[in-house]
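Per Swiss-Prot, the features are as follows:
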- Cys70, Cys72, Cys85, Cys88: Zn(2+) 1 binding site (BINDING)
- Asp460, Asp462, Asp464: Mg(2+) binding site (BINDING)
- Cys814, Cys888, Cys895, Cys898: Zn(2+) 2 binding site (BINDING)
- 1378-1412: region 'Disordered' (REGION)
Amino acid sequence: MKALLDLFKQVSQDEQFDAIKIGIASPEKIRSWSYGEVRKPETINYRTFKPERDGLFCSKIFGPIKDYECLCGKYKRLKHRGVICEKCGVEVTVAKVRRERMGHIELASPVAHIWFLKSLPSRLGMVLDMTLRDIERVLYFEAWCVIEPGMTPLKRGQIMSDDDFLAKTEEYGDDFRALMGAEAVRELLRTIDIDREVETLRGELKATSSEAKIKKISKRLKVLEGFQKSGIKAEWMVMEVLPVLPPDLRPLVPLDGGRFATSDLNDLYRRVINRNNRLKRLLELKAPEIILRNEKRMLQEAVDSLLDNGRRGKAMTGANKRQLKSLADMIKGKSGRFRQNLLGKRVDYSGRSVIVVGPQLKLHQCGLPKLMALELFKPFIFNRLEMMGLATTIKAAKKLVESQEPVVWDILEEVIREHPVMLNRAPTLHRLGIQAFEPVLIEGKAIQLHPLVCAAFNADFDGDQMAVHVPLSLEAQLEARTLMLASNNVLFPANGEPSIVPSQDIVLGLYYTTRERINGKGEGIFFTDVAEVQRAYDNGEVELQSRITVRLTEYERDDNGEFQPVLRRHETTVGRALLSEILPKGLPFTVLNKALKKKEISRLINQSFRRCGLRDTVIFADKLMQSGFRLATRGGISIAMGDMLIPKAKEGILAEASREVKEIDKQYSSGLVTSQERYNNVVDIWGKASDKVGKAMMEQLATEPVVNRHGEEVRQESFNSIYMMADSGARGSAAQIRQLAGMRGLMAKPDGSIIETPITANFREGLNVLQYFISTHGARKGLADTALKTANSGYLTRRLVDVTQDLVITEDDCGTTQGYAMKALVEGGEVIEPLRDRILGRVAAIDVVDPDTQETAIAAGTLLDEDLVDLIDRIGVDEVKVRTPLTCETRHGLCAHCYGRDLGRGSHVNVGEAVGVIAAQSIGEPGTQLTMRTFHIGGAASRSALASAVETKSTGKVGFASTMRYVTNAKGERVAISRSGELAIFDDNGRERERHKIPYGATVLVGDGEAVKAGTRLATWDPLTRPIVSEYGGAVRFENIEEGVTVAKQLDEITGLSTLVVITPKTRSGKTVTRPQIKLVNENGEDVKIAGTDHSVNISFPVGALITVRDGQQVAVGEVLARIPQESQKTRDITGGLPRVAELFEARSPKDAGMLADVTGTVSFGKDTKGKQRLVITDLEGVSHEFLIPKEKQVLVHDGQVVNKGEMIVDGPADPHDILRLQGIEKLATYIVDEVQDVYRLQGVKINDKHIEVIVRQMLRRVNIVDAGDTEFIPGEQVERSELLNENDRVTAEGKRPATYDNVLLGITKASLSTDSFISAASFQETTRVLTEAAIMGKRDDLRGLKENVIVGRLIPAGTGLAYHMARKDKEALEAAEREAARQLANPFEDAPVTVDADAPQSDAGQEGSAE
């Protein structure tokens, strides 16, 4: 009977668990796992191939080799199950146990575990409070360590060399005890009193105030508390018993030719056993100490390399000089256990093939080759054959299928019907990279794919391959059908735009059809309906592009929401009228009544989705595609040399540019400009010329002359093929056409600097050798970049996914009223992103109030859809406070309200949606489109910086922002002297229309409150130099301006003119050289003071400034004292593209970051120290704060200026950590979102803000404890925000003091590694370190994230899995409650206290359920 039960036990090994705990195994634990001791290094007998007894593959320890058969063959078959053979000692059972039974090795001398020794910071060192160097000396038998000092003056843990030891032994005899090796360390660990240590440390922590000490103590405290809480004993870090891995996990495989392939682990184990046995023998023989010492050291080294080869000393190598793979190597890295086998497995029931286009398919179908389908659906076919009685056994069914009988094909058709398959194209960069389709059987061997899903897969038909997977279980089929079917995924999750937008041929066909031609055949005819138009077109009476008038039926919804037909007359073209047939009900004809370019078609599909729903849109898109292909073919648009029209004006433009360049060269040789300015100007001239040629070419291409009905010549949009391809957005761009028919223009060298001689030819004219050579630079750099980019972009995506993988929508509403105020994004006076785009799909945090009537237009908590955003636009609200993931108060996960709309579905987000992963994919997916390079200012990048004036785009009133300060100079011009001055233009209602930054030193041409018309110049400035402007009048007095010390006379060799240039001061010994500066003196010879203070005006010059005034010269307010040439203002590299995004998400402080004021107060300068200047801010209480700033930095403030907290005081890029510290989370989020968006916008990639916000939320998930209050935390410790809030709630409920904390910004790599889940962190990076730390702390992983659950093989807690886990937990809680109730019913007369007691755990469980 027992055997029967055992049989059942073996089958159902389906344990449910909710958490995984990791710890350090005690020797007893290791022995309890073991089925016997491995005593011999032998593996298998080379003649019989049977395992040696007591060896590494011993059957007695690890189990039989064949199922139910002992080694000597005495017992065979099932009936002897469980018998232990008396001859060979092998238990008769399944051979599978060789994968799970472990053995052990009793070590003759204890051995320290290398992970706890060498993984930095060394855990052994922390517990013992010794340095790693000292512990190593003891462990590897180079020094003695005092264990018990007894009555001697020695200290416990003191290290002594051999000579010292002998001397001390002579002195004290055996009053003290000292040991060497792992025994010493184990003794020290065993005798340490952890509770007392923790108490002393806590006391020291309260008493000390030095930063370094606090850091050191709290680190050690953390480790010791880990031991204390987890109940792990410190001495277990030193091993007495070594577990042996089950043999089938380190197999020995016979190869043909009598050789064996073996796992490296066997070698490593062999070494350990050999050394251990030798040591045992030496101990029995009472060998001399020195031999034993050597043997013990070798044993320690052997165990080290088994656990982590190469971690210490030289790595052990096999016969072929290759490093052996140790246990640690098995789990870490890309090919380790985590990433190779647990997170990415190869899948059964899958196939791959080349894809070809299948334009006849519906959107939800794909063509599957018959042979592939036959192979993939085999089990289903077998089942069907048996059910129909065509085959009696599986074997027979197999035969039928293999001979491909006709009946098999019919059955295949049946089996495949309504059974979706999943198609995947690698690289799968976002969730649209895997979609489900209904298979349609086809001949041939290639998979057919619908053209419209190519955009989502990023596929083309130039040899791409795709993989097919079959969802087997009913649930899987259901999910594939409802969630993954291609026709259910028509929006990009990144931005909510349609993904099934036609491209290329389709666009060209639709565009050609919907263009209008002046005086086409049949122009001006009136038609009754579309059918009549069709007849006329078929008979050749009208042309496709002719303008006609036709009566069309449109459908509009009445009050009941029913469609009512409405007849209207439209002036349109033949093509558009014919297209109107496929328009879904509910869309007006006006959406089609224009030339359909790619953007228009995208908008059309978007409108259709919002108004007509998913089904109609999919059908509409399919029909659009069919029409597009058909019409493109009928249009017969081709491409020819003659289409590339070279502009007539080209020669003139080039001649003019050459003349200007000669002029600049002349100025340079006469010394009016510097060489850098000459280069900048030349590049600028050619850039402008290139643009002019391009413009002339486009103008010539874009229109053509034509005679209209009245015989007049007019110009119409051209029907030139190349122009139509570019204009429709089908293929190519103006820039590419410019290279074909205009001029190629300026080329860059590989380092990014621009070659100043442009390529004046185009591809139609052909390039000469020099021009061709110049252009190869760019092409090769492009190829190299692409290869780098792909790897970098993939790594960025991996880090992003890792940091956000546990973020899931877990509840509907967290109930917060927090949120961020959203405004339209304005840059350089242009609205880059209107307010409607930024708030679409968000939830209003507070009521939106109509500014005119002051009534609530939209209540708080409403999801803002298209109609509501239009309403907000109409009533003229310019700021809306919306909920955001950053202010969500859900502890684990996010709430649906703070997230808003699920962009991939177009509706409110569901609970269980894995929004973290979606955000990571949305940001990572376009990564390959971003550039890799860092720009140098100069060349192309500086061309964008060469704006020299700003004009208003709208009519209104000028308003100066509060930051705007200016002085009026002698000519009556206003000169801006503020660093961050801004001008705004307000319309009649006082709403801000645009806003412009005015740089320092610009001439402002309008006054505050002045009315201006659109196109008015607001300000001008010199783009190539930056002036230093005087704010006061007076006579100049030079200070520290000594030639050869602080300034140099710069003689231009060519011109012979000299200027004073500020240089880095040469320090003479003993003399401190201060900065060159000037003071202003009034008529009486006194210093001019800053208004309202007694500070005198002093203006200091940065290095590289050209001083334009002379000593003693009278200057007026607003006059230029010096100019800083733009290039000497340190050409800062602008990091662009992918590296910039990575930099932002890794929260790196920029190299020469700008400085923000820590406090609000008045600026003054203290005494300069070597190479640094001292800047002092005195706050409102009179406390002064000092900052040391390197001399070469540009200080943006002057003596006596008042600055606000968080304002820039030293020029340079902002440091995100400073922004968080001084301006708070909201400012930081805005900064990161805007900066990331800038990079993507430059490439024309749209990503919704909330994806970036989700990542920022994860970067802010840890906090730094400032004051622990009455909580269990240690000051300076970093903890998970949710953990801290829970603990604070608990403490506050008990009426104690909660902990106070600072926000911490972690980079995505750091944040992933600091997650609470050790499984997730270990599978990401630094596996060894993560596991070591987790084991000491006895960490418990609650399997909250997706990654942990994938690794342990459970359903992920997202989507359908979340519901499954929640239901399971509720059920368990319910069952526990029922058991409890039943128990109480069984013995109702127990005394009261017990029942109360029994109630407690149940309520506890209830709470746990709710907390989840």
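Every residue, even glycine, has its Cβ placed from backbone N, Cα and C.
Features as recorded by Swiss-Prot, highlighted on the structure.
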residue : record                : DSSP class
Cys72   : Zn(2+) 1 binding site : coil
Cys85   : Zn(2+) 1 binding site : coil
Asp460  : Mg(2+) binding site   : coil
Cys814  : Zn(2+) 2 binding site : coil
Cys888  : Zn(2+) 2 binding site : coil
Cys895  : Zn(2+) 2 binding site : strand
Using a Cβ cut-off under 8 Å and a sequence separation of 6 or more, which residues in the same chain sit near Cys72 (Zn(2+) 1 binding site)? Cys85, Lys87, Cys88, Val90
Measuring Cα to Cα, how many Å separate Asp462 (Mg(2+) binding site) from Cys814 (Zn(2+) 2 binding site)? 50
State which of the following binding-site residues has the fewest other Cβ atoms within 10 Å around its Cβ: Asp460, Asp462, Asp464. Asp462
So which one is it: of the binding-site residues Cys88, Cys888, Cys898, which has the fewest other Cβ atoms within 10 Å? Cys88
Which of the binding-site residues Cys814, Cys888, Cys895 has its Cα closest in space to the Cα of Asp460 (Mg(2+) binding site)? Cys895
Does Cys70 (Zn(2+) 1 binding site) have same-chain partners at least 6 apart in sequence with Cβ under 8 Å from its own Cβ, and which are they? Ser59, Pro64, Lys76, Val83, Cys85, Lys87, Cys88, Val90, Glu91, Val92
In Å, rounded, how far does the Cα of Asp464 (Mg(2+) binding site) sit from the Cα of Cys895 (Zn(2+) 2 binding site)? 40
Cβ within 8 angstroms of the Cβ centroid of Asp460, Asp462, Asp464: which residues besides those meet this for the Mg(2+) site? Ile355, Ala459, Phe461, Gly463
Between Cys814, Cys895, which of the binding-site residues has the fewest other CB atoms within 10 angstroms in the structure shown? Cys814
I want the residues beyond Cys814, Cys888, Cys895, Cys898 whose C-beta is within 8 angstroms of the mean position of the Zn(2+) 2 site's C-beta atoms, in chain order. Glu811, Asp813, Thr816, Arg883, Pro885, Thr887, Glu889, Thr890, Leu894, Ala896, His897, Tyr899
Take the mean position of the Cβ atoms of Cys70, Cys72, Cys85, Cys88, the recorded Zn(2+) 1 site. Which other residues of that chain put their Cβ within 8 Å of it? Ser59, Leu71, Gly73, Lys74, Tyr75, Glu86, Lys87, Gly89, Val90
Once the chains shown are all counted, how many other Cβ atoms turn up within 10 Å of the Cβ of Cys85 (Zn(2+) 1 binding site)? 20
